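A.B. asks: Found this in TrEMBL, in case it helps:
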type: DISULFID; residues: CYS14-CYS26; note: disulfide bond
type: DISULFID; residues: CYS21-CYS39; note: disulfide bond
type: DISULFID; residues: CYS33-CYS48; note: disulfide bond
type: DISULFID; residues: CYS54-CYS66; note: disulfide bond
type: DISULFID; residues: CYS61-CYS79; note: disulfide bond
type: DISULFID; residues: CYS73-CYS88; note: disulfide bond
type: DISULFID; residues: CYS117-CYS132; note: disulfide bond
Amino acid sequence: VPPTSRPTRPPGACSRTEATCQNGECIPRAYACDGDFDCTDRSDEQNCDYQYQCQPNEFQCDNKKCVLKVWRCDGDNDCGDNSDEKSCSPNPAGSPCRYDEYRCLSGDQCIPKSFQCDGEFDCQDKSDEIGC
C-alpha cells in the first residue's frame, strides 16, 4: 500500500494556527472574532457568533470587547468605540461614590477606581480584589 500523502497548501496559504482574511492576509487564529479588526479588510470580525462573557471585574463594550471596569469613565477610549466613556455622571444614581470611584460591596466605602484589582486590599471587606 503506497503511503498517503498530505495535501499541500497553495503558496501563501495560512498555517493551521492562523486564520485567513478574505483578502488573503494571515492573522493568528485567536485574533478572529475577538472584537478587534486585525485584517485590513476587517473580515476577521464578520459572521462572528459573539459569545463574549466578560469577567466580573470587566465592562462589556458595545463592540463586545471586554475592558477592566476601572477603565470605565476614566477619560480614555479603551473600548475603541468609546462606549466605556458613555453615560458617565459625577455620581451614578443610587451610589454614594463618584464615577471615578469603586464602591466596596459593604456599600459604605468608596475607593479610587485605580485601587481596584491592584493587588492590595483597600476596602475593609476586601471586595476590591474579588474577581481580579
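In case you wondered, yes, glycine gets a Cβ from its N, Cα and C as well.
Show me how these features fit into the structure around them.
C.D. replies: Within 10 Å of the C-beta of CYS26 (disulfide bond) there are 15 other C-beta atoms, taking all protein chains into account.
Residues near CYS39 (disulfide bond) in space but far in sequence (CB under 8 A, at least 6 apart, same chain), listed by position: CYS21, GLN22, ASN23, GLU25, ILE27.
In three-state terms derived from DSSP, CYS33 (disulfide bond) belongs to neither a helical nor a strand segment and is classed as coil.
Look at CYS66 (disulfide bond): DSSP puts it in a strand.
Secondary structure at CYS61 (disulfide bond), taken from DSSP and collapsed to helix, strand or coil, is coil. If you take the C-beta of CYS61 (disulfide bond) and look for same-chain residues 6 or more apart in sequence within under 8 angstroms, you find GLY35, VAL67, ASP78, CYS79, GLY80, ASP81, SER83, ASP84.
The number of other CB atoms found within 10 A of the CB of CYS73 (disulfide bond), across every protein chain shown, is 20.
Applying an 8 A CB threshold to same-chain residues 6+ apart, the list for CYS117 (disulfide bond) reads ASN57, LEU68, VAL70, ASP128, GLU129, GLY131, CYS132.
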A.B. asks: Compute the C-alpha separation of CYS88 (disulfide bond) from CYS66 (disulfide bond), stating it in Å without decimals.
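C.D. replies: Their Cα atoms are separated by 18 Å.
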A.B. asks: Taking the Cβ of CYS66 (disulfide bond) as the centre, count every other Cβ atom within 10 Å, in any protein chain shown.
C.D. replies: 16
